[in-house]
Amino acid sequence: MAGIVVVGSQWGDEGKGKIVDLLCQTADVVVRYQGGDNAGHTVYHQNEKFELSSLPVAIINPNHLAVIGNGEVVNPKALLLEMKMLKERGLDISGLRISDRAHVIMPYHIALDALCEQASGGRIGTTKKGIGPTYADKINRRGIRMVDLVDPKSFAEVLKEFLPEKNNEITKLYGGQAFDFQTIYDEYVEYGRQLEKYVTDTTVLLDKLSQEGKRIIFEGAQGIMLDIDHGTYPYVTSSNPVGGGAAVGSGTGPNKINQVVGVVKAYTSRVGEGPFPTELKNEIGDKIRETGHEYGVITKRPRRIGWLDAVALRHSVLVAGITQLSINSLDVLSGFKEIKIATAYKVDGRTLDHFPANLRILENAVPVYETIPGWSEDISEVQRRQDLPVNAQNYLNRIEDLLKTPILAFAVGPHAEQTHLLKDPWSEDKEVLHTI
């Protein structure tokens, strides 16, 4: 078996779905290993645009298995609506498999997410999808799993045990409205009935596929800088998008992973609150936002924009074990006379070349920029690295130098045919720095 993990190397929205869709052409299985329906993926298939949040990107290809791993949290209502949408658009979703160990987002999780966010004054900026409260219940051993949802008797038992606790929290702590047991039970038992045929022990399934020599892609959600352990805590998600999260969130041993592809936007974007050292609060940021259509797939919120941050990216390469890079949105930078890359931070007279954990330091960090000449040419139809304008080639070369990691692919537009591989992604040879 060969396994490739695809991770977002920044604060999410790097275009992971596009590279996963491209890699799918030579793979057999795609596994989502963390996150939930708070993370949107936009892919184009046969000139159609698909916006997915719950399902792995591979679901749009009938020749692949699309697996929701144990590390993902599942909103059954949202999942079924997404499945219905794909069916109505003529897609075959019979390749879907859902881990029986995946945890279920319940209506009280969504309510608690909104109430907590309101109480904090929107400090974290969650999507209010119930992701955080679901992961919290998982850690507190108060969660409901898919294996419970598809068994009406088991579901009744766990719901009867946990619902009073949640209602107490909602009403007494936040002054919210309590949930009725029978209403939730009737609704969610029906969801379980509809999803039952897709639910299985995906750990056993993936092991079987591995022994058969199948190629497996592990698809991360969000980005490494939002990782619960390694991101800009507390302005983070509730799971581990890092490469190591793929093994935990899929039930697959780390020895089954051969490569970790870090997807990098050619600049930086972020949604919500939190430190952002290279943020551009000026006309340059506005131009990049509009040219790159930088609005959230799920939230529709305008994304914050900044120059490429090599300090943050070095941190991502380190903690995620990134072996190769995929550079997206290179075309968005066409037309700029100069492009900047942050290579270090200045804080209180000191120079930092690593990404600090201390939020106060991050919030006061002043980027040390390296300026690179830009290019004016339209590159949206370029297919080979050597055919890019010289300055665009130099920009890619400098990214490789700063991160000490080779580029596997680059994209010059949003469509699959505008993403170009520089080598066989399944090859063990990683020495492609500046050679293509």
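Backbone N, Cα and C define each Cβ position, glycine as well.
From the candidate list Arg89, Arg97, Arg301, Arg314, the residue Swiss-Prot records in the IMP site shared with Asp13, Glu14, Gly15, Lys16, Asn38, Ala39, Gly40, His41, Thr127, Arg141, Gln222, Thr237 is Arg301.
Cα distances from Thr127 (IMP binding site) to the binding-site residues Gly12, Gly15, Lys300, Leu330, Val412 are smallest for Lys300. Long-range Cβ proximity for Gln222 (IMP binding site), meaning a same-chain Cβ under 8 A and a gap of 6 or more residues, is found for Gly8, Trp11, Gly12, Gln34, Gly35, Ala39, Thr237, Ser239, Pro241. Distances between the Cα of Pro302 (substrate binding site) and those of the binding-site residues Lys18, Asn38, Val412 are shortest for Asn38.
Considering only the binding-site residues Asn38, Thr42, Thr127, the Cβ with the fewest other Cβ atoms within 10 Å is that of Thr42. Residues Asp13, Glu14, Gly15, Lys16, Asn38, Ala39, Gly40, His41, Thr127, Arg141, Gln222, Thr237, Arg301 are recorded as binding IMP; their most distant pair of Cα atoms lies 34 Å apart. When the alpha carbons of Lys18 (GTP binding site) and Arg301 (IMP binding site) are compared, the span between them is 21 angstrom.
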